[in-house]
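Per TrEMBL, these features apply:
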DOMAIN    70-130  domain 'CBS'
DOMAIN    132-189  domain 'CBS'
Amino acid sequence: FEPNDVDISSQLGSYKFNLPIISAAMDTVTEELMATKMALLGGLGVLHRNCSYERQLEMVRIVKRARSFVIDDVATILPDEPISKAKYMMENYNISGIVVVNEDKKVCGIFTKRDIPFSEDDINKGKVKSFMTKEVISIEPGASREKALEILFDSRKEKLPIIDKTGYLKGLITKKDLAPEFPLASMDSEGHLICALALSPKFPESTHDQGLLKEIENYVDIFFIDVADFYKTSDIKGTKKLMDFLDSDFVLGNIGT
């Protein structure tokens with residue numbers, strides 16, 4: 001047989017990985033960039049837990065948004081908001097543009113990094129509506145990848161909001177997301193990268209942290225319980241509570257013999 005006839009893919013529960021390599025849930029190994037690259041190449045990167053739930057939420061969002069054809073969780077801002085807020089959102093979410101919607105949630109513009117003024121005074125005092133692009137080039141829901149590519153090429157734009165006939169935002173397509181696909185990429189059923197996150201076996205006590213964990217679950221396919229030796233009664237009880245609280249798949253460990 002030829003080398004290209006060899007199949008080294010492996011299953012982890014219901015998930016198939018073309019590259020059977022998982023990067024460790026360590027803060028020196030797997031953060032959002034590593035997790036994204038691992039999934040694109042067909043493996044899996046387990047995001048570490050050596051940080052706050054807020055930071056974990058930031059990481060899983062970035063991984064899930066990295067290579068999907070359509071971005072569902074679109075960042076939006078009101079036209080009367082200050083430019084400083086738009087700038088903060090772009091830096092915090094690692095994005096280059098924000099869709100502007102009015103009070104009725106209808107699209108009225110788009111604001112990108114190119115629209116940020118040079119003057120600090122304008123950044124701090126200026127409104128988004130004064131600098132945004134008001135004539136928004138968009139596409140209707142259900143359009144093909146080829147149609148999106150055609151519009152982006154003809155308009156020389158990098159972002160294409162998906163807007164229905166009534167003016168409501170339904171998603172966003174970016175030029176980089178339409179780049180040639182990684183043929184071995186680890187993808188979920190909706191075309192997003194598979195995302196894994198490490199958790200402590202201890203169930204969070206505060207309602208604030210529990211709420212964050214529920215939000216995190218929206219972006220995570222597999223949770224990895226990350227503890228040196230998974231044998232203590234407290235670890236087992238805490239993990240059972242987490243598994244009852246969250247609907248995602250779990251990998252438990254480490255288990256020694």
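Note that the numbers count up from 1, one per residue, in the order the chain is shown.
Placement of Cβ uses the backbone N, Cα and C atoms for every residue, glycine included.
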Counts of helix, strand and coil residues, the domain 'CBS' (70-130), according to DSSP: 23 helix, 17 strand, 21 coil
Across the domain 'CBS' (70-130), average pLDDT on the 0 to 100 scale: 92
